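Shown next, in structure tokens, is the structure this report addresses.
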Amino acid sequence: MIVAPERVSTKLILLVDDDPVLLQALPEALRLRMEEVNVETCDSAERALQRITEVDYEAIVTDIKMPGTDGLALLAQIKALRPDTPTLLITGHGEHDLAVQALRGGAYDFIQKPIDREYFVASLIRAMQARQYKRQLDDQQHTLERHASDLERTIQERTRELQFLADASRILTASLDSEATLKSIARLAVPRLADMCMTFLAESDGQVRRVEVVHSDPAKEQRLRKLLERYPFNAVVSEPTATVLRTGQALLVPEISEEWARGLGPHTEELSVARTLGSVSLIIVPLVARGRTLGVIAFLTAESNRQYTRDDLALVEELARRAALAIDNARLYEQERRIAETLQRSLLPQRLPPIPGLASAARYLAASPEAVGGDWYDLFVLPRGTVGLVMGDVAGRGVRVAALMAELRSALRAYAVEGYSPAEVVQRLAMLIEPGEMATLVYLIFDPATQTVRFTNAGHPPPLAVAPDGRAAYLEGGAPPLGALRMPSYHEQSAQLWPGSTLLLYTDGLCIAPPPQIPMRIWTSWWTACWAR
């Protein structure tokens, strides 16, 4: 195999001297000792300057003493025009002062007459190599600076992205309302990610509902809302949002061109919006959790003229992933809350049983729709004409808490009907509590004939007895909650009530946020007893 020799680029050198002998001899010496060299000659500094402005030479060789502009003046102008071009100055024998001036003026080297051709060629080669190395070093320096600038810009962009995702995470964890979450995300995205943002949720019946529309310009936002009112989302097939909903795949349109818009069809919501508001770029991402598409978020640019890239798509996909997880968790929480609420309310007495000589009333008020927990109460008739009363509170919320509440309620009734004392009932209930579970309760047996009450309190707020004249007293005496100790011991207490007294059983929510529906007489007595403790 024949390998062609590597081509060496021609080196262009300028020789400036008023001596015609040197102008002929030196180029010949250079051509004999150097490969691929081309030497141009000038017999004056003025002609040389004209050539230097037009040609970038590898090196320049000039005599110091010439008529008109001398070599030192030429050197100064070379440094102004071509600062990186090495210049060698030729001096006469013994002209050391001129040589020193030349070096101080930026000359690479000085060559004394008579010229030693070997030294001259070696110095010229070193000068050209130095220039080549300097240029390579400058190129590398520029490359490093460019890479450093790119890296700094990338770090700044990633920092902004991480800060955006951190802000989004705070929003996503602040609420269990999926609609409120999507509205907040849209407000966060504009103008940091988009000039316009629209969010949609897929309903269980297959319908798609627009949740929020945000624009960086409030006036255009109002215009956008009015425009979208003319396009019911489910009235026609709305592309490309419907495609993203159907496929669960994100869509990136770096530039919304007329050709792309026409391909969507004449009845497309996004086409009308994009044309009306002058949109430039578009990203639509699905909200996917556990394999189901819960909705989509559309990001559009307009006034900023920003064109979305794959990096932008990666960022909004991460945002959508977090948002979908938050929405899915919110829906699961709401589903569990409804189940727990249904279970809890099904276990609470719909109405208290009528008991001769005893007026009873109960009220269950959740602090908020989310506060479905383990609060429960019961009232039932026992053998021998006594009445059982219970108020309990299982720690926590959700279906698990409601299930434990149901278990405790059923077990308490069963033990009570069998005739166990309050302490024995509570002792047996403590054995049902698993590690990590906890509940408080107070169980009382009221005897209407003697107006006495026997009770055991397991960490619950004490019942309040209010006499007809307003005197009030707590039924003191208690023990740790169920589940607080491995081997608890519970004891029975008793109290004598005044005829016509009111006995108030309550949970700790009354102490934290007392509702206004409590009768004023009971409320006043409760506070009086609190201050007297």
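Including glycine, each Cβ sits where the backbone N, Cα and C put it.
Marked as coiled coil by TrEMBL: 130-168. Annotation source TrEMBL lists domain 'Response regulatory' at 12-128. As annotated by TrEMBL, 4-aspartylphosphate applies to Asp63.
With DSSP classes pooled into helix, strand and coil, the tally for the domain 'Response regulatory' (12-128) is 56 helix, 25 strand, 36 coil. Sequence-distant contacts of the coiled coil (130-168), counting only residues of its own chain at least 6 positions beyond either end whose CB sits under 8 Å from a CB of the stretch, comprise 58-59, 84-86, 108, 185, 188, 192-193, 311, 315, 318-319, 322-323. Counting Cβ atoms from all protein chains shown, the residue listed as '4-aspartylphosphate' has 22 others lying within 10 Å of its own Cβ.
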